[in-house]
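*Asks:* Following this message is one structure expressed as structure tokens.
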Amino acid sequence: MAHCVTLVQLSVSCEHLIDKDIGSKSDPLCVLLQDVGGAWAELCRTERVRNCSSPEFSKTLQIEYHFETVQKLRFGIYDIDNKTPELGDDDFLGGAECSLGQIVSSQTLTLPLMLKPGKPAGRGTITVSAQELKDSRVVTMEVEARNLDKKDFLGKSDPFLEFFRQGDGKWQLAYRTEVVKNNLNPTWKRFSVSLQHFCGGDLSTPIQVRCSDYDSDGSHDLIGTFHTTLAQLQAVPAEFECVHPEKQQRKKNYRNSGTVRVKTCRVETEYSFLDYVMGGCQINFTVGVDFTGSNGDPSSPDSLHYLSPTGVNEYLTALWSVGSVVQDYDSDKLFPAFGFGAQVPPDWQVSHEFALNFNPSNPYCAGIQGIVDAYRQALPQVRLYGPTNFAPIINHVARFAAQAAQQRSASQYFVLLLLTDGAVTDVEATCKAVVDASKLPMSVIIVGVGGADFEVMEQLDADGGPLRTRSGEAAARDIVQFVPYRRFQNAPRETLAQTVLAEVPTQMVSYFRAQGWAPLKAPPTPGKGPAQAPQA
């Protein structure tokens, strides 16, 4: 079993950001990046806060904390003026670098924002506080309001809610809803937020709810406020009067500025990757190796399949890197391994899913070393040919994943590792295979070996939006992760694995959550403690 790490939640706020927008304040967003083998990789980002030079971000940033590793982090603040996810066309308001260890040991760390080394971003600062996520429970709530005060001269109010928890003698933002335009009787979208972040895990923690009218210049008008606790919010249908303190003092017959009604409020367990793995889910690992002619003659030192005097090449290095991590999650350590794009004996027909051990009824290899041995033995026995077709192997693994899904339990998940030297040939068939597989307990990892153009692979990765078939059917979720091997060839071997496997836990959990499947063995529920409602 791999080492279990602690999940840390980072809350971010900034002060005195420089203004890049003419006539208004910036619309800041915070991006968190981590140093991965000398390259900065984005982990997550907060929401955008409109027209604010001292934002307190509602969305937290979550990261796994490894005591044994120096985890270098970079926080980037950007002024977002468009809807594209890319940041290259947005103004950079400043950044700061530190390690996660620094934040954890300080609990709250304030750093000056820098435009570049030696050049401060005005008086801008960033404050990051860390909180260990010990509780996997989430608060799920659905809220509406009725008869809110009209705040806009030419229209109705544009209301939104903010929930603040009391802590360290001040009110800390826990959640902010979306804005409902021009509506005095709004219903906000259902939302979920971690119990720890919402109320520190304590159902009796004072909660302040503020209802405000959104203004594009950032000068939001207070409609009303009320105080409560999560325990009271759970007593649905719960109704609270929104009171404007100044109106209450000025007007003798003032009653309220509207009411907020909690339609649903539940505390639910949000299972993690470790919950599923430790609950008994097996991760089934399958390997597919590219034996197309573009790799070059294996006997030539220029070939990607050429085995060096030490018996390795890029294919084997990538296989070891990823396989050595994944094999810890498979109890029998028997892995099916296939080749594709080669002419195979005895009839020398081109095959796109031949067993590396030439035993189609039992293609399993004992451990990663077994795959390596089968690869080395197969190499001189096949003729490299083509084309580069992925669909047959993806569909092969998908058939097993479909059988597992029929059990309707979180018992198995499938990871297919494809090692290839070039662009896929059967693009349409592969897109359809991936879209079909996205409905199954399965992920696909593609490692590009060599220096070819891998643009088509980036399309399969679909980071810019859901992958679609030619007929327009969209993938149910993103299940493909592609990386070119040579980006990591000078980095420690574990760096490649960390990158290509980074999305698998999220992909696995998203599938099981969508199906509504709990871990086979549910984790113990928290006992009596701060997260329990007060006793009468």
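Placement of Cβ uses the backbone N, Cα and C atoms for every residue, glycine included.
As listed in Swiss-Prot for this protein:
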type: DOMAIN; residues: 1-113; note: domain 'C2 1'
type: BINDING; residues: ASP21, ASP27, ASP79, ASP81; note: Ca(2+) 1 binding site
type: BINDING; residues: ASP21, ASP79, ASP81, ASP91; note: Ca(2+) 2 binding site
type: DOMAIN; residues: 122-244; note: domain 'C2 2'
type: BINDING; residues: ASP152, ASP158, ASP213, ASP215; note: Ca(2+) 3 binding site
type: MOD_RES; residues: LYS170; note: N6-acetyllysine
type: DOMAIN; residues: 284-504; note: domain 'VWFA'
*Asks:* How big is the Cα-to-Cα gap, in Å, between ASP158 (Ca(2+) 3 binding site) and ASP79 (Ca(2+) 1 binding site)?
*Replies:* 23
*Asks:* Rank aside, I only need the closest one: which of the recorded positions ASP91, ASP152, LYS170, ASP213, ASP215 has its C-alpha nearest to that of ASP27 (Ca(2+) 1 binding site)?
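*Replies:* Nearest candidate: ASP91.
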*Asks:* Could you check which of the binding-site residues ASP79, ASP81, ASP91, ASP152, ASP215 is the closest Cα neighbour of the residue listed as 'N6-acetyllysine'?
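*Replies:* If we rank ASP79, ASP81, ASP91, ASP152, ASP215 by Cα distance to the residue listed as 'N6-acetyllysine', first place goes to ASP215.
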*Asks:* What does DSSP give as the helix, strand and coil breakdown of the domain 'C2 1' (1-113)?
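*Replies:* Its residues divide into 7 helix, 55 strand, 51 coil.
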*Asks:* Quick one: which of these binding-site residues, ASP152, ASP213, ASP215, have their CA within 10 A of ASP81 (Ca(2+) 1 binding site)?
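*Replies:* Cα within 10 Å of ASP81 (Ca(2+) 1 binding site): none.
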*Asks:* Compute the C-alpha separation of ASP91 (Ca(2+) 2 binding site) from ASP79 (Ca(2+) 1 binding site), stating it in Å without decimals.
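*Replies:* With the alpha carbons as reference points, the distance is 5 Å.
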*Asks:* Between ASP79 (Ca(2+) 1 binding site) and ASP215 (Ca(2+) 3 binding site), how many Å separate their Cα atoms?
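*Replies:* It is 18 Å, counting Cα to Cα.
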*Asks:* List, in sequence order, the same-chain residues at least six positions removed whose CB sits under 8 Å from that of ASP213 (Ca(2+) 3 binding site)?
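*Replies:* Result: LYS151, ASP152, SER157, ASP158, PRO159, HIS220, ASP221, LEU222, ILE223.
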*Asks:* By DSSP, what is the split of the domain 'C2 2' (122-244) into helix, strand and coil residues?
*Replies:* 9 helix, 62 strand, 52 coil
*Asks:* Tell me, what is the mean pLDDT of the domain 'VWFA' (284-504)?
*Replies:* 91
*Asks:* List the same-chain residues at least 6 positions away in sequence whose Cβ sits under 8 Å from the Cβ of ASP215 (Ca(2+) 3 binding site), in sequence order, or say none.
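*Replies:* Correct list: ASP158, ASP221.
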